[in-house]
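Notes follow once the structure below has been shown.
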Amino acid sequence: MLLQGALLLLLALPSHGEDNMEDPPLPKGACAGWMAGIPGHPGHNGTPGRDGRDGTPGEKGEKGDPGLVGPKGDTGETGITGIEGPRGFPGTPGRKGEPGESAYVYRSAFSVGLERQVTVPNVPIRFTKIFYNQQNHYDGTTGKFLCNIPGLYYFSYHITVYLKDVKVSLYKNDKALLFTHDQFQDKNVDQASGSVLLYLEKGDQVWLQVYEGENHNGVYADNVNDSTFTGFLLYHNIVE
(Lines of atoms letter the chains of each structure in order from A and count residues from 1; the text may use other names and numbers.)
(Lines give C-alpha, C1' and ligand atoms only; values in the text may rest on other atoms or scores of the structure.)
Protein backbone atom coordinates (compact mmCIF):
# COMPACT_ATOMS: atom_id res chain seq x y z
CA MET A 1 0.00 0.00 0.00
CA LEU A 2 2.86 2.44 0.78
CA LEU A 3 4.42 1.74 -2.57
CA GLN A 4 1.15 2.39 -4.39
CA GLY A 5 0.69 5.72 -2.62
CA ALA A 6 4.23 6.83 -3.48
CA LEU A 7 3.72 6.09 -7.11
CA LEU A 8 0.51 8.09 -7.23
CA LEU A 9 2.29 11.03 -5.58
CA LEU A 10 5.12 11.02 -8.10
CA LEU A 11 2.67 11.04 -10.95
CA ALA A 12 0.94 14.10 -9.55
CA LEU A 13 4.18 16.19 -9.31
CA PRO A 14 5.08 18.60 -12.23
CA SER A 15 7.88 17.71 -14.56
CA HIS A 16 11.22 19.63 -14.24
CA GLY A 17 12.04 19.35 -17.91
CA GLU A 18 10.99 21.41 -20.90
CA ASP A 19 7.37 22.45 -21.18
CA ASN A 20 6.97 21.02 -24.64
CA MET A 21 8.19 17.59 -23.79
CA GLU A 22 5.57 14.84 -24.07
CA ASP A 23 4.69 12.70 -21.12
CA PRO A 24 6.19 9.28 -21.23
CA PRO A 25 3.73 6.62 -22.46
CA LEU A 26 1.85 4.62 -19.92
CA PRO A 27 2.82 1.04 -19.53
CA LYS A 28 0.70 -1.46 -21.50
CA GLY A 29 -0.53 -4.83 -20.53
CA ALA A 30 -1.55 -6.42 -17.32
CA CYS A 31 2.01 -7.09 -16.49
CA ALA A 32 2.97 -3.45 -16.26
CA GLY A 33 2.44 -3.43 -12.56
CA TRP A 34 -0.70 -1.26 -12.56
CA MET A 35 -3.72 -2.22 -10.51
CA ALA A 36 -7.41 -1.75 -11.67
CA GLY A 37 -9.58 0.83 -9.91
CA ILE A 38 -12.76 0.12 -7.91
CA PRO A 39 -15.75 -0.79 -10.24
CA GLY A 40 -18.26 2.04 -10.63
CA HIS A 41 -22.02 1.88 -9.96
CA PRO A 42 -24.37 0.57 -12.77
CA GLY A 43 -25.66 3.30 -15.06
CA HIS A 44 -29.33 4.33 -15.45
CA ASN A 45 -31.66 2.34 -17.79
CA GLY A 46 -31.79 3.74 -21.28
CA THR A 47 -35.04 4.83 -23.01
CA PRO A 48 -37.11 1.97 -24.53
CA GLY A 49 -36.36 1.21 -28.14
CA ARG A 50 -38.96 1.36 -30.95
CA ASP A 51 -41.25 -1.60 -31.79
CA GLY A 52 -39.49 -4.14 -33.86
CA ARG A 53 -40.81 -5.53 -37.16
CA ASP A 54 -43.56 -8.19 -37.18
CA GLY A 55 -42.21 -11.64 -36.87
CA THR A 56 -43.01 -14.48 -39.25
CA PRO A 57 -46.43 -16.21 -38.69
CA GLY A 58 -46.27 -19.06 -36.25
CA GLU A 59 -47.66 -22.55 -36.76
CA LYS A 60 -51.45 -23.17 -36.64
CA GLY A 61 -52.58 -23.65 -33.07
CA GLU A 62 -54.84 -26.39 -31.71
CA LYS A 63 -58.65 -26.18 -32.11
CA GLY A 64 -60.18 -24.13 -29.31
CA ASP A 65 -63.21 -24.95 -27.17
CA PRO A 66 -66.71 -24.19 -28.59
CA GLY A 67 -67.89 -20.68 -27.89
CA LEU A 68 -71.06 -19.74 -26.02
CA VAL A 69 -74.41 -20.06 -27.81
CA GLY A 70 -75.37 -16.76 -29.38
CA PRO A 71 -78.80 -15.08 -29.07
CA LYS A 72 -81.75 -16.40 -31.12
CA GLY A 73 -81.83 -14.93 -34.60
CA ASP A 74 -84.78 -13.32 -36.39
CA THR A 75 -87.48 -15.54 -37.89
CA GLY A 76 -86.66 -16.42 -41.47
CA GLU A 77 -89.03 -16.34 -44.45
CA THR A 78 -91.53 -19.17 -44.90
CA GLY A 79 -90.10 -21.96 -46.97
CA ILE A 80 -91.71 -23.71 -49.93
CA THR A 81 -94.35 -26.31 -49.05
CA GLY A 82 -92.89 -29.78 -49.17
CA ILE A 83 -94.40 -32.83 -50.86
CA GLU A 84 -97.19 -34.67 -49.07
CA GLY A 85 -95.88 -37.21 -46.63
CA PRO A 86 -97.09 -40.80 -46.21
CA ARG A 87 -100.33 -41.46 -44.40
CA GLY A 88 -99.88 -41.70 -40.64
CA PHE A 89 -101.01 -44.45 -38.34
CA PRO A 90 -104.59 -44.35 -36.98
CA GLY A 91 -104.93 -42.35 -33.81
CA THR A 92 -106.19 -43.73 -30.55
CA PRO A 93 -110.00 -43.85 -30.25
CA GLY A 94 -111.52 -40.88 -28.50
CA ARG A 95 -113.67 -40.98 -25.43
CA LYS A 96 -117.24 -42.17 -25.72
CA GLY A 97 -119.59 -39.27 -26.26
CA GLU A 98 -122.53 -38.44 -24.08
CA PRO A 99 -125.88 -39.95 -25.00
CA GLY A 100 -127.84 -37.78 -27.38
CA GLU A 101 -131.43 -36.79 -27.07
CA SER A 102 -133.92 -39.49 -27.88
CA ALA A 103 -135.71 -39.04 -31.19
CA TYR A 104 -139.37 -39.90 -31.32
CA VAL A 105 -140.14 -42.42 -34.04
CA TYR A 106 -143.39 -41.82 -35.86
CA ARG A 107 -145.10 -45.03 -36.93
CA SER A 108 -148.10 -45.70 -39.11
CA ALA A 109 -148.64 -48.99 -40.91
CA PHE A 110 -151.23 -51.64 -41.68
CA SER A 111 -151.54 -54.90 -43.60
CA VAL A 112 -154.95 -56.54 -44.05
CA GLY A 113 -156.64 -59.18 -46.18
CA LEU A 114 -160.04 -60.43 -47.35
CA GLU A 115 -161.88 -63.18 -45.54
CA ARG A 116 -164.41 -63.82 -48.36
CA GLN A 117 -165.23 -62.83 -51.91
CA VAL A 118 -166.32 -59.25 -52.60
CA THR A 119 -169.94 -59.01 -53.68
CA VAL A 120 -170.66 -55.27 -53.80
CA PRO A 121 -168.94 -53.00 -56.40
CA ASN A 122 -168.40 -49.23 -56.30
CA VAL A 123 -167.93 -49.07 -52.52
CA PRO A 124 -164.76 -49.40 -50.38
CA ILE A 125 -163.61 -53.03 -50.07
CA ARG A 126 -163.65 -54.03 -46.42
CA PHE A 127 -160.49 -56.02 -45.59
CA THR A 128 -161.30 -57.63 -42.24
CA LYS A 129 -158.43 -60.12 -41.95
CA ILE A 130 -155.90 -58.13 -39.88
CA PHE A 131 -152.20 -58.96 -40.25
CA TYR A 132 -150.91 -55.73 -38.69
CA ASN A 133 -152.74 -52.62 -37.47
CA GLN A 134 -151.01 -51.69 -34.23
CA GLN A 135 -151.68 -47.96 -34.55
CA ASN A 136 -155.32 -48.59 -35.58
CA HIS A 137 -155.00 -46.18 -38.48
CA TYR A 138 -156.91 -48.62 -40.69
CA ASP A 139 -160.63 -49.03 -39.97
CA GLY A 140 -161.93 -52.51 -40.78
CA THR A 141 -165.55 -51.41 -40.52
CA THR A 142 -165.20 -48.85 -43.33
CA GLY A 143 -162.26 -50.37 -45.25
CA LYS A 144 -160.46 -47.01 -45.18
CA PHE A 145 -157.00 -45.92 -43.96
CA LEU A 146 -157.06 -42.60 -42.09
CA CYS A 147 -153.87 -40.49 -42.12
CA ASN A 148 -152.88 -39.36 -38.61
CA ILE A 149 -149.28 -38.38 -39.42
CA PRO A 150 -148.59 -36.17 -42.45
CA GLY A 151 -145.85 -37.50 -44.69
CA LEU A 152 -144.99 -39.84 -47.55
CA TYR A 153 -146.73 -43.25 -47.63
CA TYR A 154 -146.36 -46.42 -49.67
CA PHE A 155 -149.47 -48.44 -50.60
CA SER A 156 -149.74 -51.79 -52.38
CA TYR A 157 -152.39 -54.39 -53.11
CA HIS A 158 -152.39 -57.97 -54.42
CA ILE A 159 -155.74 -59.27 -55.62
CA THR A 160 -156.69 -62.88 -56.34
CA VAL A 161 -158.85 -62.96 -59.48
CA TYR A 162 -161.40 -65.76 -59.92
CA LEU A 163 -164.68 -66.36 -61.82
CA LYS A 164 -164.87 -62.81 -63.26
CA ASP A 165 -162.70 -60.01 -64.61
CA VAL A 166 -161.40 -57.47 -62.10
CA LYS A 167 -161.25 -53.69 -62.24
CA VAL A 168 -159.89 -52.18 -59.01
CA SER A 169 -159.03 -48.56 -58.19
CA LEU A 170 -157.07 -47.02 -55.32
CA TYR A 171 -158.86 -43.94 -54.02
CA LYS A 172 -157.71 -40.91 -52.09
CA ASN A 173 -160.48 -38.72 -50.71
CA ASP A 174 -163.13 -39.86 -53.27
CA LYS A 175 -160.71 -39.56 -56.19
CA ALA A 176 -159.46 -42.65 -58.06
CA LEU A 177 -155.68 -42.41 -58.50
CA LEU A 178 -154.57 -45.90 -59.56
CA PHE A 179 -156.38 -48.41 -61.82
CA THR A 180 -155.81 -52.14 -62.26
CA HIS A 181 -157.62 -54.36 -64.80
CA ASP A 182 -157.21 -58.13 -65.02
CA GLN A 183 -159.11 -60.46 -67.38
CA PHE A 184 -160.15 -63.77 -65.90
CA GLN A 185 -159.05 -66.91 -67.74
CA ASP A 186 -161.53 -69.80 -67.52
CA LYS A 187 -160.74 -72.29 -64.75
CA ASN A 188 -157.57 -70.42 -63.72
CA VAL A 189 -156.84 -68.33 -60.63
CA ASP A 190 -155.09 -65.10 -61.56
CA GLN A 191 -153.35 -62.25 -59.70
CA ALA A 192 -153.65 -58.49 -60.09
CA SER A 193 -151.50 -56.00 -58.20
CA GLY A 194 -150.52 -52.37 -57.95
CA SER A 195 -148.46 -49.99 -55.78
CA VAL A 196 -147.99 -46.25 -55.38
CA LEU A 197 -146.32 -43.54 -53.27
CA LEU A 198 -148.65 -40.86 -51.93
CA TYR A 199 -148.08 -37.76 -49.87
CA LEU A 200 -150.87 -37.44 -47.31
CA GLU A 201 -151.98 -34.69 -45.02
CA LYS A 202 -153.54 -35.42 -41.68
CA GLY A 203 -157.20 -36.45 -42.23
CA ASP A 204 -156.72 -37.85 -45.75
CA GLN A 205 -158.31 -41.27 -46.45
CA VAL A 206 -157.15 -44.07 -48.77
CA TRP A 207 -159.04 -47.24 -49.82
CA LEU A 208 -159.68 -49.77 -52.62
CA GLN A 209 -162.92 -50.41 -54.48
CA VAL A 210 -164.25 -52.22 -57.55
CA TYR A 211 -165.42 -50.00 -60.39
CA GLU A 212 -167.68 -50.49 -63.47
CA GLY A 213 -170.24 -52.85 -62.00
CA GLU A 214 -170.85 -56.48 -61.16
CA ASN A 215 -169.21 -57.95 -64.25
CA HIS A 216 -165.79 -56.74 -63.05
CA ASN A 217 -166.04 -57.93 -59.49
CA GLY A 218 -163.80 -60.99 -59.56
CA VAL A 219 -161.95 -60.08 -56.32
CA TYR A 220 -161.64 -63.39 -54.51
CA ALA A 221 -160.39 -64.93 -51.24
CA ASP A 222 -160.73 -68.26 -49.44
CA ASN A 223 -158.72 -70.31 -46.98
CA VAL A 224 -155.87 -70.86 -49.49
CA ASN A 225 -156.07 -67.69 -51.61
CA ASP A 226 -155.60 -64.18 -50.24
CA SER A 227 -156.27 -60.68 -51.47
CA THR A 228 -154.28 -58.10 -49.45
CA PHE A 229 -154.03 -54.34 -48.94
CA THR A 230 -150.92 -52.78 -47.28
CA GLY A 231 -149.69 -49.29 -46.47
CA PHE A 232 -147.03 -47.65 -44.29
CA LEU A 233 -145.32 -44.33 -43.56
CA LEU A 234 -141.92 -43.80 -45.16
CA TYR A 235 -141.11 -40.48 -43.47
CA HIS A 236 -143.13 -37.93 -41.61
CA ASN A 237 -143.45 -34.21 -42.25
CA ILE A 238 -144.09 -32.93 -38.75
CA VAL A 239 -142.38 -29.68 -37.76
CA GLU A 240 -141.22 -30.06 -34.16
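Just so you know, glycine gets a Cβ as well, placed from its N, Cα and C.
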**Prompt:** Pick from PRO48, PRO57: which one does Swiss-Prot list as 4-hydroxyproline?
**Reply:** PRO48
**Prompt:** Among LYS28, LYS144, LYS187, which is annotated 5-hydroxylysine in Swiss-Prot?
**Reply:** LYS28
**Asked** Out of PRO25, PRO71, PRO86, PRO99, which one does Swiss-Prot list as 4-hydroxyproline?
**Response** PRO86
**Request:** Write down the residue from LYS63, LYS129 that Swiss-Prot flags as 5-hydroxylysine.
**Result:** LYS63
**Listed as 4-hydroxyproline by Swiss-Prot, one of PRO27, PRO39, PRO66, PRO124** = PRO39
**Item:** Three-class DSSP secondary structure - PRO71 (site 'Not hydroxylated')
**Value:** coil
**Request:** Determine, using Cα-Cα distances only, which of these recorded positions is closest to PRO99 (site 'Not hydroxylated'): PRO42, PRO66, PRO71, PRO90, ASN225.
**Result:** PRO90
**Request:** Spatially speaking, which of the recorded positions PRO42, LYS60, LYS96 is closest to PRO71 (site 'Not hydroxylated')? Use C-alpha to C-alpha, please.
**Result:** LYS60
**Message:** Whole-number answer please: how many Å between the C-alpha atoms of LYS96 (O-linked glycosylation site) and PRO66 (site 'Not hydroxylated')?
**Reply:** 54
